[in-house]
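Annotated features in TrEMBL:
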{"type": "COMPBIAS", "residues": "1-18", "note": "compositional bias 'Acidic residues'"}
{"type": "COMPBIAS", "residues": "599-613", "note": "compositional bias 'Basic residues'"}
{"type": "DOMAIN", "residues": "364-399", "note": "domain 'EF-hand'"}
{"type": "REGION", "residues": "1-21", "note": "region 'Disordered'"}
{"type": "REGION", "residues": "469-493", "note": "region 'Disordered'"}
{"type": "REGION", "residues": "544-625", "note": "region 'Disordered'"}
Amino acid sequence: MEGEEDEFDTDLDSDEKEESNKEASVAEVYLQACKLVGVVPVSYFIRNLDCTTMTLTHHGLGPLGCKALAIALVSDMHINTLELADNHIQAEGAKYLVEMLRANFTIQHLDLSNNYLRSAGAEYVAKMLLDNISLKSIKLSGNGFTDDDAKYFADSFSSNSRIKELDISHNEFCGKGGEHLGQLLANNEGLEVLDLSWNHLRMKGAVAFCAGLKVNMMLKHLDLSWNGFGNEGALAMGEALKFNNTLVHLNLNNNRLTNEGISLLCRGLEFNDTLRVLLLAFNSITVEGALALVNVVKNTPKTALEEINMCNVLVNENFVHLLELTCQEHPGLDVQFGGVGGFIAKKPPKRVDPMKVIQDYLDKRKLRLWDFFRNIDKDGTMRVPVADFRKAVQQSSIPLDRYQIEELIQRLDRDRTGMVDYRGLADTRKQMMRDHRRQLRKVESRQKKEKQKSDRILKTFQSAVEAVTPHSSMVISPGGAKDDSSGPQQFSATPLSSWHHIVMSNSSRYSVTNLSNEHVHLPMLGGTMSYRPTSSLAMRSYSQPNLLDDSPRSAPGKSISAQGIRSDPEMGHSKLSPTANHLTRSRPALNAKQPQVKAKSKKLKKKKTKKHVEKGSKNLTQTVK
């Protein structure tokens, strides 16, 4: 027994020695790498090699410091969280990290925020995400990514379903970027948390992004704050929420939403039964929008809403009363508002034009103006003193109040002469009717424009949904070559025409060359590093797909329709050819007959004229005789 215990103790001692040697080897490799590339070592890294989380934010590593760090982390099997925010590593440093992550399968969480990666860095990171099997979350906030860079992430996340959290906030994604990110949501099957705050997703970009959200089946937490969605984006978001059944947390803070946008959003909330948290702070919402939100919760039994944040909105007592009634039916509901003191802006009641009131009164009784005023206008000049005019109107049964009478006197005695010329009543009737018709036309035109705008947004949204809807073994390739089949192009006429092409995937979803012919080789220093055979950079060889290749690969001689059904152009042509030949044969025949008919008619006319001439000549000869 004593021998066994001694043997067990020696085993533990050997394991501890191996771990200490390993840590010492990683530290030694890092120091040699720093000496090789010519940078000052970071002492924090050496002191915390035994921690699973390595926080190196704000250390000013730069590209070369990042290279030394990558050399040391190739063989590390202890650190699973690497935070490198704000180190100005740029695209060059990202290249070194990408090479390290191809060998290191321990790191699961990576933070590269605020590192000036730009487009080149986005391409490197997206290439790495295509075949990485260890990362679960990645933060890329504030790296200056643009619309074109969004395509790299859309393509890489189409095949990567292991990453659960993605942060690409504080970038420059706009309209086209919204289309690519909508495609990302439509094709990805693993992402659960997406942060897109502080971008420029609005108008078409917002509509296209919501189209991808409609068909997404995994996302649970979405942050779209500070994007300027506007009412157009609210309309598209409402349509998406009608069908999305996974989203739990939605942040729409500071998105230029108005009460109209809230009403459009509520159309989707009426059908949604999964959303629990809705953040709407710092939007242009008043009591009307707040009442609409609470009414949706009250009138939707299946709603899952537990928290509504509109902390800047002042509400009124009616809202508080409605909220109390709603909380009785939904006790878990928490609505955050700015306080009681708001009001619903009521427009002052529109007064009827007093001239119209008098004209309607006379028309009903079939009276003339002079008939009504002849008691005070005995001379018939249609000019009476102001006092007499006021007294006559007050004593009559015309339904005018004191304010309308004074308004009428001011309009009929503009020069303040003390005499009312009531002929102006007749003169202004026509003008009044013209103004009324003009006002009706303005209202109708405004309503028509609003309807056309909403219809256009819904049409764009539907086209985007059809374009990004994932099919079995299909990849949507934005910006790809147009289909050459004889069938109609369904999405070519829409504002999102760049998404119209759908191609079938082959054995792999991407099949092109590496990102660059140049490999970054991390030096192997002094033989102190114990590499794993399967993960060694020297022994691993791989060909990365090229995200810049958009050319669809399909079977020769066949094309793929928008629904994913292969169609043979030759078969379609052969079916249409008999009718086409028939038409081409019949048209010349018809055209050939028409000139002959015209020629005959000309000949007939000439014969008739000749006969008339002959008759005329005969008559002339008879008269001469």
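Any Cβ shown, glycine's included, is placed from N, Cα and C.
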Secondary structure content, the domain 'EF-hand' (364-399) (per DSSP, counts of residues): 17 helix, 3 strand, 16 coil
For the domain 'EF-hand' (364-399), distant same-chain residues with Cβ under 8 A (at least six beyond the ends): 357-358, 405, 408-409, 412-413, 418-423, 425-426
Segment confidence, the domain 'EF-hand' (364-399), expressed as mean pLDDT: 77
